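Notes follow the structure.
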Amino acid sequence: MDVIHRRAAAWGVFVTALSLTCIGIVMVYSASSVAAQAQYHDGAFFLKRQVAFAFIGLGVMSVAWKVHYARLRRWALPLMCLAVLAVTIVLFPHVGRVAGGARRWVSIGGAFNFQPAEMAKLALILYLSNFLANRGARVREFGPGLVPPLIVFRVMLFVGGARIEHLLGIGCLAVPAVLAVILREGYRSSRLLAFLDPWKDPQGTGFHIIQSWLALGSGGVAGLGLGQSTQKFFYLPARHTDFIFAIIGEELGLVGAYAVLLLFVFLAVWGYRVASRLPDRYGVLLTTGLTTLLVGQAALNVGVVTGAVPVTGVPLPFVSFGGSSLVSSFLAIGVLLNLSQYAHPADGHAAAAPSRPPRHRGVPARP
């Protein structure tokens, strides 16, 4: 019975990810068709690319679903080193591409842009999960607990056993450093100022958030109707990428926006429930990290669109246009689905999940 329940829950998450992707494909087409027709003379330009990215993501997810999560431990450090190298390459002239004031993309042949940071997030979670699992009780010491004070990693540290007073202390110490980084780059400081008072420069730094508010306000409860957005006519910047949630609110209204949020809530509840029922420390940390990454990015994106946080350039997982984000999100789901196979039921009887996969066996089959 438990196997049936876990299988049903796993397929429920797969359907959730697929539903978000389908919503994203429809909304990417709706939000980008006008700009695509004007720029590429093909209203379906971004739609075709997003569909292709979705199929690639599904393939990556299928492979990750079949690979025993313990096998990923041996790749944690090499992948982390590769991620650091990839992120560093972005800084080189003629290699890294600048958009929106930020240098985040690597141009491949001029036809495809890859964002190394998306894969680097997954590599960092793999590395930290392995690092914290190996440290064991030493995580409770102040020194080994000093890791980057980002939300997803704080959650992982807390689950791993770090003391909450140490985490708060790191946050206080990081404030001056964060401010220094913000003020160093002009586009970051302008985003912060726009967040504090967007109406001070409504045609400049505050333009994004004001247009986003107009889109959300125009949608009302039921929305203007699919394809009926007015903000997509070159009013709202990044309408098919970082601000696609505003177009969802405009065309599908509060009902559509809440439906998207509920899908992420379901993903969060499922992910953290799986984490609480895994028998080994590494699995708990990895599940917590990946779930927090997906849900945290969604919360941050919605926060930007609604004006709750400054503009960050974080896409909405599965929904925003972008191959790097979509493929990495599916990869995370694939790993989570594999982890869910070894979660024990509520009565506490753990499923067999060795911390290292048996050498004399092949890859475990899905239940």
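Even glycines carry a Cβ here, placed using N, Cα and C.
Annotated compositional bias 'Basic residues' per TrEMBL: 357-367, in sequence order.
The region 'Disordered' feature in TrEMBL is assigned to 348-367.
The transmembrane segment feature in TrEMBL is assigned to 9-31 (among others). When Cβ-Cβ distances below 8 Å are used as the criterion, the transmembrane segment (9-31) is approached by residues 43-44, 46-47, 50-51, 54, 57, 61, 226-227, 229, 232, 239-240, 244, 247-248, 251, 260, 263-264, 266-267, 270-271, 316-321, 326, 329-330, 333, 336-337, 340-341 of the same chain, each at least six residues removed from its ends.
Look at TrEMBL and you will find 51-68 (among others) tagged as transmembrane segment.
TrEMBL lists 75-94 (among others) with the feature transmembrane segment.
According to TrEMBL, the feature transmembrane segment maps to 167-184 (among others).
Sequence annotations record features per position, and here TrEMBL assigns transmembrane segment to 205-224 (among others). Long-range contacts of the transmembrane segment (205-224) within its own chain (CB-CB distance under 8 A, at least 6 residues past either end) are made by residues 190-191, 193-195, 197-199, 230-231, 235-238, 243, 246-247, 249-257, 304-307, 311.
Residues or ranges marked as transmembrane segment in TrEMBL: 244-270 (among others). Sequence-distant neighbours of the transmembrane segment (244-270) (same chain, 6+ residues past either end, Cβ-Cβ under 8 Å): 9, 12-13, 16-17, 19-20, 23-24, 27-28, 30-31, 211-212, 215-216, 218-232, 236, 291, 294-295, 298-299, 301-302, 305, 316, 319-321, 340.
Here TrEMBL flags 282-304 (among others) as transmembrane segment.
Only residues 6 or more beyond the boundaries of the transmembrane segment (316-339), in the same chain, are considered here, and those with a CB under 8 A from a CB of the stretch are 10, 13-14, 17, 20-21, 23-24, 27-28, 32, 46, 49-50, 52-54, 56-58, 60-69, 72, 112, 114-116, 118-119, 121-122, 240-242, 244-245, 248, 260, 271, 274, 278, 283, 286-287, 290-291, 293-294, 297-298, 301-302. Among the features that TrEMBL reports, transmembrane segment is placed at 316-339 (among others).
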